[in-house]
Amino acid sequence: MNSPNESDGMPGREPSLEILPRTPLHSIPVAVEVKPVLPGAMPSSMGGGGGGSPSPVELRGALAGPMDPALREQQLQQELLVLKQQQQLQKQLLFAEFQKQHDHLTRQHEVQLQKHLKQQQEMLAAKRQQELEQQRQREQQRQEELEKQRLEQQLLILRNKEKSKESAIASTEVKLRLQEFLLSKSKEPTPGSLNHSLPQHPKCWGAHHASLDQSSPPQSGPPGTPPSYKLPLLGPYDSRDDFPLRKTASEPNLKVRSRLKQKVAERRSSPLLRRKDGTVISTFKKRAVEITGTGPGVSSVCNSAPGSGPSSPNSSHSAIAENGFTGSVPNIPTEMLPQHRALPLDSSPNQFSLYTSPSLPNISLGLQATVTVTNSHLTASPKLSTQQEAERQALQSLRQGGTLTGKFMSTSSIPGCLLGVTLEGDTSPHGHASLLQHVLLLEQARQQSTLIAVPLHGQSPLVTGERVATSMRTVGKLPRHRPLSRTQSSPLPQSPQALQQLVMQQQHQQFLEKQKQQQMQLGKILTKTGELPRQPTTHPEETEEELTEQQEALLGEGALTMPREGSTESESTQEDLEEEEDEEEEDEDCIQVKDEEGESGPDEGPDLEESSAGYKKLFTDAQQLQPLQVYQAPLSLATVPHQALGRTQSSPAAPGSMKSPPDQPTKHLFTTGVVYDTFMLKHQCMCGNTHVHPEHAGRIQSIWSRLQETGLLSKCERIRGRKATLDEIQTVHSEYHTLLYGTSPLNRQKLDSKKLLGPISQKMYAMLPCGGIGVDSDTVWNEMHSSSAVRMAVGCLVELAFKVAAGELKNGFAIIRPPGHHAEESTAMGFCFFNSVAITAKLLQQKLNVGKVLIVDWDIHHGNGTQQAFYDDPSVLYISLHRYDNGNFFPGSGAPEEVGGGPGMGYNVNVAWTGGVDPPIGDVEYLTAFRTVVMPIAHEFSPDVVLVSAGFDAVEGHLSPLGGYSVTARCFGHLTRQLMTLAGGRVVLALEGGHDLTAICDASEACVSALLSVELQPLDEAVLQQKPSINAVATLEKVIEIQSKHWSCVQRFATGLGCSLQEAQAGETEEAETVSAMALLSVGAEQAQAVATQEHSPRPAEEPMEQEPTL
């Protein structure tokens, strides 16, 4: 019995728990064993061995006496309770451990799963990349195979081609002819060898062909060089340039062409410098230099720099001056004079080193379109003794080759650039032009024979025209040369008079260039008042501060002008303009000139190429804006021919340096004008998220699309917008504010530096939560585009309002953004930077002398900026209908008591709705306000122009922070119709607020329909029968009470504010009938009183009677 007692004295209870299951519950030892476990069995002070001594006594006492069954039952219950608690605790520990292990395993499984998925994705990506690479390789192989097959097919076609077709591979016939050509070069003809027939001469092979690409072997010199200018054998080919001997006419190797032209351009130098071989310029050449000028700019009408290469076409003059060749007069047959034949072969090889390949266009050599003649009509003339015989032979050859439509003229005073006569009977559009040029030069040389006594060298640039008279030559030996195309040159003048004429032309051309610069500056001012209907463009317009953007606009956007659909005016479309430009490019921009008999032919254009080159350059910009119209220009022999082109001046920005018909301003149809420009779309937050910003570019895009879809836009006149100038903006805003928001980093440097000192150079913007910048949390700013966009919005409205006020348009609707009626003199707020409506009203008064302007602002927010601009101005009446709520709605201004100040007292009317949106203000309230306040005051004011700040955020669909009212879009159409009864219908609406796209599109459609006098949908019957809300009636009563002191017309509407529209209309009708009846009664009473007065008046004693007229 001691062991159980000792166990009871131990602090742990595990032994007793283990014994319980083995011992029957009804046995006495169980009671003995469990008793110490009970909470109240032993005092807590007992412990250790000291507490064990009295236990046997108690146990023996318990065993001695009978145990109470109730107490034993209670003990058992307590034991069971403790047992359950122990088991529950063990379960909790076990569950906690299980949950811990489960979470650990779950995390391990997730990590393993993620790792596995990552590996799978990497494998898939690698596999996809491999597949793409294989696909790319297969595609590349397929392309290579196709290219190889194409080349093989081309080679096969070339091998099997007919001999008459072109080929880049030299055929046997070409090689044989080249060999014959080289052999003929080794045998120089003697001066007396005049018996060469034309078909046998190596230079006459071109006569068998009719195009540039079919011209045969090259000559030793440039095409058409006379025999006296023949080069030493292989002279050019032994030079340092190492030019290839020949290329076939159809050679497609563009790289070789570019390399050859590059070498030629590198070797070209000023025509006035000494030759590299040290050859002294002849006396005649020095005289030519004195006549033509001292600079390279005189060498070409196009003012091309010498040696500018293939990208800068030079005239024939510059070609000869640079190269020493006479390429402009290729068909003058001359003999080799003794002094020229004595030239050593090695004396000046570099003088003729400019190789001219028949396959290259060689812009600086020869006429634009001289073609060869069929080799059947020109025969050799073995004997030629006098100059007259040479001229006779020339005329005979012309008669054989073709008939002249005009008589042969003496051309001593005609510059070569004006020669052009139509040849009949020639299949080529430029046939026999070279022969005609030759005959005219013969006649000219005969009259200028005093200049031929000077010893001449082969490289003299002016030798050709004067040597003709003294050389013994034959027309039958005229050398043939290949025709040149895509050239910008003209024949070289062959007389001092012609050279002086050329100098005059170039001086006049420089004068025209200066005039062009002046016209561009003048065009900036004229464009502001010019009228050119167009489709909206995406480019900045002309402003004083952005000259670079102006030029880009002229080149990039001016061509986007579109005629208004349904317009009765005849305006060329963009397709027509492109067709005209294509035709001009095909004709080489030649001017068509009528001859004396009134007949024009295709040969006249090339002869005027030099004079037209300057015009083409002059009208490059304007050509994209306006259609070209060619006028007849007389062939004037005494004046400079600079009066050939005239343009339809549909825009004042076109260059006006030439005499042309007077400008006719574009006449707009008397209808509704609409202005819109896509440049305003660039004003957006830099974050690019339009969902965060209610005022975004989609607003005006949606309205423009809606007007297009409904067909309303086609009935309107589309007006071309522009940017407002800084001076125009400063009519309302301060200079600091204007420079702050009206300039961008691009044009800010052009302004006066003194204006940028101070806060502007250190301007700071607020960082928005979206990542962009802005003036406040709503008014975003884009440093690069916002300044131009806000100025474009102002300028568009100004242009439209000016046209309406001037009577050119009936009315107008401006689809512009950002809005402006919150912008004050020096403050930007509420999405607004510049107050477009206020600026427009100021400019109307200042520039068009408009007397009185009415501004109606039905945006749900008060136009605090507009009110501030005209608060003391009696010439501008400002009426605003807005949500006020006792100053608790943005911007908090616009109380009914704000009626103006100073001389403008009473010219500020605020219909300030109060009471919140319970119930919301709707159609009935707005129509009642117009009936009782707006229209009576407006009629009494009698404005000259009505401007409307057309904000549509009161339309149903806008939430309470940005609106909350329930006005329908149809209602705004009826309000617009009422305003059209003012100012003779001169009403201009400018978009302000409104951010629900559907709502603003519906409202804009309704307003444009009203402006176009399209029948509007009638108001619902419920609206006509509904009475205004109590809050609205209270607001209107307060407004009438305040404004009746300044406008007596509103006093009579104070009693009928609570009536419905039907009741009000019935009352007005009855009142009108009563007034009419009273007026009739008063008129009748006056008439009766007048009759009675007349009856009672005494009759004169002697009233003369009418006498009969004497017969």
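Placed from the backbone N, Cα and C atoms, the Cβ positions cover glycine too.
Summarising the annotation, Swiss-Prot assigns SUMO2 cross-link to Lys35 and lists similarity to another entry as the type of evidence.
If you look up Swiss-Prot, you'll see 238-249 (among others) marked as compositional bias 'Basic and acidic residues'.
Annotation comment: Swiss-Prot describes Ser250 (among others) as phosphoserine, evidence class similarity to another entry.
The compositional bias 'Basic and acidic residues' annotation in Swiss-Prot covers 263-272 (among others).
The annotation phosphothreonine is assigned in Swiss-Prot to Thr283 on the grounds of similarity to another entry.
Among the features that Swiss-Prot reports, phosphoserine is placed at Ser489 (among others), with the record citing similarity to another entry.
The feature N6-acetyllysine is assigned by Swiss-Prot to Lys524.
The compositional bias 'Acidic residues' feature in Swiss-Prot is assigned to 572-610.
What Swiss-Prot records for Ser600 (among others) is phosphoserine, and it gives similarity to another entry as the kind of evidence.
Residues or ranges marked as phosphoserine in Swiss-Prot (evidence: similarity to another entry): Ser650 (among others).
According to Swiss-Prot, the region 'Histone deacetylase' annotation covers 671-1017.
Taken from Swiss-Prot, the feature Zn(2+) binding site covers Cys685, Cys687, His693, Cys770. Sequence-distant neighbours of Cys770 (Zn(2+) binding site) (same chain, 6+ residues apart, CB-CB distance under 8 A): Cys685, Cys687, Asn689, Val692, His693.
Annotation comment: Swiss-Prot describes His822 as active site, evidence class similarity to another entry. Contacts of His822 (active site) defined by a Cβ separation under 8 A and a same-chain sequence distance of 6+ are given as Met829, Gly830, Phe831, Cys832, His861, Gly863, Asn864, Gly865, Pro891, in order along the sequence.
Under the heading motif 'Nuclear export signal', Swiss-Prot lists 1070-1109, citing similarity to another entry as support.
Per Swiss-Prot, phosphoserine is recorded for Ser1097 (among others).
Across the region 'Histone deacetylase' (671-1017), the prediction's mean pLDDT works out to 93. Its Cβ placed at the centre, Cys685 (Zn(2+) binding site) has 21 other Cβ atoms within 10 Å.
Taking the mean position of the Cβ atoms of Cys685, Cys687, His693, Cys770 as the Zn(2+) site, the remaining residues of that chain whose Cβ falls within 8 Å of it are Gln684, Met686, Gly688, Asn689, Thr690, Val692, Leu768, Gly771, Gly772, Val780. The Cβ neighbour count for His693 (Zn(2+) binding site), using a 10 Å radius over every protein chain in view, is 22. The 10 Å shell around the Cβ of Cys687 (Zn(2+) binding site) contains 15 further Cβ atoms across the protein chains shown.
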